[in-house]
Amino acid sequence: MKRKTKIVCTIGPASESVDKLVQLMEAGMNVARLNFSHGDHEEHGRRIANIREAAKRTGRTVAILLDTKGPEIRTHNMENGAIELKEGSKLVISMSEVLGTPEKISVTYPSLIDDVSVGAKILLDDGLISLEVNAVDKQAGEIVTTVLNGGVLKNKKGVNVPGVKVNLPGITEKDRADILFGIRQGIDFIAASFVRRASDVLEIRELLEAHDALHIQIIAKIENEEGVANIDEILEAADGLMVARGDLGVEIPAEEVPLIQKLLIKKCNMLGKPVITATQMLDSMQRNPRPTRAEASDVANAIFDGTDAVMLSGETAAGQYPVEAVKTMHQIALRTEQALEHRDILSQRTKESQTTITDAIGQSVAHTALNLDVAAIVTPTVSGKTPQMVAKYRPKAPIIAVTSNEAVSRRLALVWGVYTKEAPHVNTTDEMLDVAVDAAVRSGLVKHGDLVVITAGVPVGETGSTNLMKVHVISDLLAKGQGIGRKSAFGKAVVAKTAEEARQKMVDGGILVTVSTDADMMPAIEKAAAIITEEGGLTSHAAVVGLSLGIPVIVGVENATTLFKDGQEITVDGGFGAVYRGHASVL
């Protein structure tokens with residue numbers, strides 16, 4: 001079985017070498033995340049080159065995600081690198097930069113004084129230190145606070161203001177420079193930090209459009225109350241979400257985070273947009289070779305919630321066991337997926353879905369694939385939308401996306417249950433189906449004889465036109481004739497031109513291939529699993545006997561006795577009147 005949940009790994013000092021990246025890819029990494037809160041362009045450029053080299057060596061499709069620093073508020077530097085703030089003491093926050101002391105610090109956002117009011121809470125260093133606003137002195141440019149929770153405050157720590165709408169820009173100048181660097185480097189995703197409203201996403205989209213890079217997808221990171229409140233408009237503008245539980249858990253009470261996680265995942269699922277669950281998933285594996293039981297449950301529950309991808313941060317960027325962390329996540333995901341109730345999920349999502357043609361096809365494909373227990377769903381695609389829409393219904397069968405576009409292939413690295421295979425561009429429907437089936441076989445996920453569902457859009461090459469579904473047997477069609485009965489049979493051919501030859505050669509379960517049958521052949525026919533004759537006619541002896549015995553018969557197959565060889569393994573499909581090479585899964 002192949003894992004369907006995707007794994008995002010943050011690349012850092014512990015994982016940036018080509019050899020280590022190869023190990024991560026072989027362990028199961030699908031997307032490499034680069035955190036632009038740390039490091040410069042030169043450092044990230046080297047990492048991107050190493051990721052590409054490792055992907056080339058392994059022959060795997062691995063996407064690159066650029067995670068922006070975002071418009072966050074931080075403290076400036078402290079005296080001697082750190083100060084101690086004591087509970088109950090007064091602390092002044094200056095809007096002008098000063099070197100921090102236990103009496104006064106400054107922040108990177110001068111407009112904070114306009115956004116907060118008396119009684120507001122200000123959190124420092126991921127909420128470890130909390131302050132309450134006592135007074136706001138706009139003339140002096142200072143906020144006077146009382147320390148509610150003390151602790152040691154170091155340089156450049158994060159500042160959060162729960163429940164307060166801050167007027168930070170959508171993207172900063174640093175973000176803009178980082179995104180332009182990413183465009184030049186050919187990245188696949190931008191994870192936009194601290195998204196609060198749809199306009200934050202559109203600001204990035206405009207930048208991409210101005211540089212002819214609209215193919216790069218935007219994943220909105222939901223990290224604050226405002227982002228949660230505006231989730232519907234954000235999802236309309238973004239290509240997917242990241243549930244960034246770290247910063248979210250600072251601004252929102254810890255007990256609310258699991259509920260918000262479920263809400264955000266469900267909203268993405270309903271729209272068929274990918275969602276990543278992130279932060280502290282296997283946090284203890286930064287130091288230990290095994291996860292805690294709570295962490296294993298956390299990963300499993302995110303998958304039960306419906307996440308497309310699970311993410312590793314410090315575990316792979318700076319931890320002692322980066323490869324082990326990926327292997328562990330792979331095993332947890334694989335085992336959890338075996339417990340998914342695909343029929344229940346499909347039924348629920350069908351009720352909640354929209355009434356579009358693509359949605360209707362997506363539902364039909366998932367239902368058909370489940371009812372027929374097909375080996376795979378094959379989706380030739382130009383834009384990646386078809387496999388994404390099918391994945392929305394969480395089919396049991398793997399989804400093989402066949403595309404001529406390498407960038408589309410990488411974008412699908414984030415979508416649940418989708419495996420990609422590149423194939424040449426085609427112009428006709430017949431060519432598209434042939435190329436898709438060939439690519440599916442090359443992927444190793446299906447083999448000759450397997451039953452698959454193919455879904456695509458016609459005319460070929462048009463984006464967003466998913467309107468076709470075909471149930472297909474991947475097999476070599478050897479012969480066609482008039483089928484009798486709806487059954488199918490698999491066995492070894494027994495070629496006999498006379499009754500005597502048939503009686504001598506026939507074995508139980510063999511498939512009798514002859515010119516025509518008569519009463520003298522009955523001892524051989526009674527052992528047969530199926531009959532193929534050159535003689536045609538629905539009232540021929542073979543047709544009548546086959547119906548009587550309840551075995552499939554195909555009549556009117558030209559040159560059958562020379563076409564088939566003794567002992568050749570074949571499948572007879574009475575309903576379709578076809579004979580396939582080998583063991584084919586026919587209905």
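Just so you know, glycine gets a Cβ as well, placed from its N, Cα and C.
Worth saying up front: this structure is predicted, and the values here are computed from it rather than measured.
Annotation comment: Swiss-Prot describes ARG33, LYS221, GLY246, ASP247, THR279 as substrate binding site, evidence class similarity to another entry. Sequence annotations record features per position, and here Swiss-Prot assigns ATP binding site to ASN35, PHE36, SER37, HIS38, ARG74, LYS157 based on similarity to another entry. Taken from Swiss-Prot, the feature K(+) binding site covers ASN35, SER37, ASP67, THR68. Per Swiss-Prot, the feature Mg(2+) binding site maps to GLU223, ASP247; the stated evidence is similarity to another entry. Summarising the annotation, Swiss-Prot assigns site 'Transition state stabilizer' to LYS221.
Considering only the binding-site residues ASP67, THR68, GLU223, ASP247 (substrate binding site) has GLU223 as its nearest partner by CA-CA distance. When the alpha carbons of HIS38 (ATP binding site) and THR68 (K(+) binding site) are compared, the span between them is 10 angstrom.
Of the chain residues outside the substrate site list ARG33, LYS221, GLY246, ASP247, THR279, ASP67, SER193, GLU223, MET242, ALA244, ARG245, LEU248, ALA278, MET311, SER313 have their Cβ within 8 Å of the site's Cβ mean position. In this structure, ASP67 (K(+) binding site) is part of a beta strand by DSSP.
Residue pair THR279 (substrate binding site) / PHE36 (ATP binding site) shows a Cα separation of 16 Å. Its own atom aside, the Cβ of ARG74 (ATP binding site) has 15 Cβ atoms within 10 angstroms in the protein chains shown. Comparing the binding-site residues ASN35, SER37, THR68, THR279 on other C-beta atoms within 10 angstroms of each C-beta gives the minimum for SER37. Within 10 Å (C-alpha to C-alpha) of PHE36 (ATP binding site) lie the following binding-site residues from THR68, LYS221, GLU223, GLY246: THR68. Ranked by CA distance from LYS157 (ATP binding site), the binding-site residues ARG33, THR68, LYS221, GLU223, GLY246 have GLY246 at the top as the closest. Ranked by CA distance from GLY246 (substrate binding site), the binding-site residues ASN35, ASP67, ARG74, GLU223 have GLU223 at the top as the closest. Secondary structure from DSSP puts ARG33 (substrate binding site) in a beta strand.
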